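Visitor: Here it is, the structure, as structure tokens.
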Amino acid sequence: MSVVQRMTSNKASSAALTFELVAKCSTTRARASILTLPHGPVNLPIFMPVATQASLKGITPEQLESTGCRLCLNNTYHLGLKPGQEVLDAVGGAHKLQGWKHNLLTDSGGFQMVSLLKLAKVTEEGVRFLSPHDGSPMLLTPEHSMSLQNSIGSDIMMQLDDVLVTTHPDKARMREAMERSVRWLDRCIKAHKNPDRQNLFCIIQGGLDLEMRRECCREMVARDTPGIAIGGLSGGEAKDDFCKVVATCTELLPELKPRYVMGIGYPEDLVVSVALGADMFDCVWPTRTARFGNAITKHGVLNMKKEQYAKDFGPIEDGCGCPCCRPVDQEGAIGVTRAFVHHNSAKETVAAHLLTIHNVWYQLHLMGGARDAIIADKFPAFVKEFFNNLYPDRKSYPSWTVNALKTVGIDLFDS
């Protein structure tokens, strides 16, 4: 019996979510699954683009849909400030506000403890902010975070957690944050008004302390939320440490629940994290780097502002299937050239617009390729091809990728 056949019966459901494990890699911990949410099915593993304030900067919902995206992010903190809860309630939630008929995930607002630390104070009650817009005070409690996310109407809601950068030197404060995150999850569960149509995910904290992460995993798993996130990473920690945290947590998490590593977006991070057993990822990097004139390709990031592209009339990436790169005679294709992007990258927003479409498509289809390889049980070969394209000289493979992949049975130097 094939791997795929063995896995097709592995399904678990909660009130607003069904998770079906379709296949597992026979070498690594990589998984392929289907996550069914109130606004439709989502194939995992997946990269989720970030529409912080209910839009991806520079592209329309229809263009985002054309990339294959079926789950993207909004930010609770920012939407709570503007347009505000009253407007969200009046319009009927963020799906209607932004014209998006597919799934949404909302960050609880907890990450702003890190990004706006100078404007925030954390107590057991919640987080007090000064608005970056007008300096007015705002208290974000677990209860208020749930209320805002209920008004937003996201398909996946994140608990409010106490977030510290993983490199925070105070171990006692790290433990306080981990334990508080567990207590805040209990308050979030109690305050959540729409469990029949919105899914609340818990967030595992604990910094780089693996035993603390294990302890948090046990506490969070006991709360039986529909999905589980690994939080607090992408905070400047060494990549080897990042991988150890992901591997430690995924090893302890239930097989029939989605596993979300928050804030991860570089292609190497995605591929390695999938190998370590994670399913979902998000980051602003693909869209942000597009606004600096950068195109993500299988051979690395191309700075389209460079003069070498001024007379290059090829597509952004040869063989790419995104609307920008496909030949203009194909349906829905734009047929953009590198020369056109170069010409506009320094002075017109259209270049950022086109590169955003391309970069989001690349990230989504990188994960789609990983999924296909897992189902075919060819994931190790997929990983090796990915790194060979990105680093033609094997000597330049990042050591952390080599080390992490060895722990799950892939030797990048074994051809």
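Glycine residues also receive a Cβ, built from the backbone N, Cα and C atoms like all the rest.
Sharing the features that TrEMBL gives for it:
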| type | residues | note |
| --- | --- | --- |
| DOMAIN | 28-390 | domain 'tRNA-guanine(15) transglycosylase-like' |
| ACT_SITE | ASP107 | active site, proton acceptor |
| BINDING | ASP107, SER108, GLY109, GLY110, PHE111, ASP161, GLN205, GLY232 | substrate binding site |
| REGION | 263-269 | region 'RNA binding' |
| ACT_SITE | ASP282 | active site, nucleophile |
| REGION | 287-291 | region 'RNA binding' |
| BINDING | CYS320, CYS322, CYS325, HIS358 | Zn(2+) binding site |
Visitor: From the centroid of the CB atoms of CYS320, CYS322, CYS325, HIS358, the recorded Zn(2+) site, which same-chain residues not already listed sit within 8 A by their CB, in sequence order?
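Guide: For the Zn(2+) site the neighbour list reads PRO315, ILE316, GLU317, GLY321, PRO323, CYS324, ARG326, ILE357, TRP361, TYR362.
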Visitor: Please spell out the DSSP helix, strand and coil residue counts for the region 'RNA binding' (263-269).
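Guide: Per-class counts: 3 helix, 0 strand, 4 coil.
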Visitor: How many Å separate the Cα atoms of CYS320 (Zn(2+) binding site) and the residue listed as 'active site, nucleophile'?
Guide: 22
Visitor: Restricting to the same chain and to sequence separations of six or more, state which residues have a Cβ under 8 Å from that of CYS325 (Zn(2+) binding site).
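Guide: Set apart from CYS325 (Zn(2+) binding site) by at least 6 residues yet with Cβ under 8 Å, we have PRO315, ILE316, GLU317, ASP318, GLY319, VAL336, HIS358.
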Visitor: To the nearest whole angstrom, what is the C-alpha distance linking SER108 (substrate binding site) and the residue listed as 'active site, nucleophile'?
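Guide: Rounded to the nearest whole number, the Cα-Cα distance is 14 Å.
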Visitor: Would you count the other CB atoms within 10 A of the CB of GLN205 (substrate binding site), including those on all shown protein chains?
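Guide: For GLN205 (substrate binding site), the 10 Å Cβ neighbour count is 27.
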Visitor: Going by Cα-Cα distance, pick out whichever of the binding-site residues GLY109, ASP161, GLN205 is nearest to ASP282 (active site, nucleophile).
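Guide: For ASP282 (active site, nucleophile), the closest Cα among GLY109, ASP161, GLN205 is found at GLY109.
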Visitor: Across the domain 'tRNA-guanine(15) transglycosylase-like' (28-390), what does the pLDDT come to on average, as a whole number?
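Guide: Result for the domain 'tRNA-guanine(15) transglycosylase-like' (28-390): average pLDDT 93.
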Visitor: Using C-alpha atoms only, work out the spacing between ASP107 (active site, proton acceptor) and ASP161 (substrate binding site) and round it to an integer in Å.
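Guide: The Cα atom of ASP107 (active site, proton acceptor) is 10 Å away from the Cα atom of ASP161 (substrate binding site).
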Visitor: Tell me the Cα distance separating CYS322 (Zn(2+) binding site) from ASP161 (substrate binding site), rounded to the nearest angstrom.
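Guide: Distance between the two Cα atoms comes out at 37 Å.
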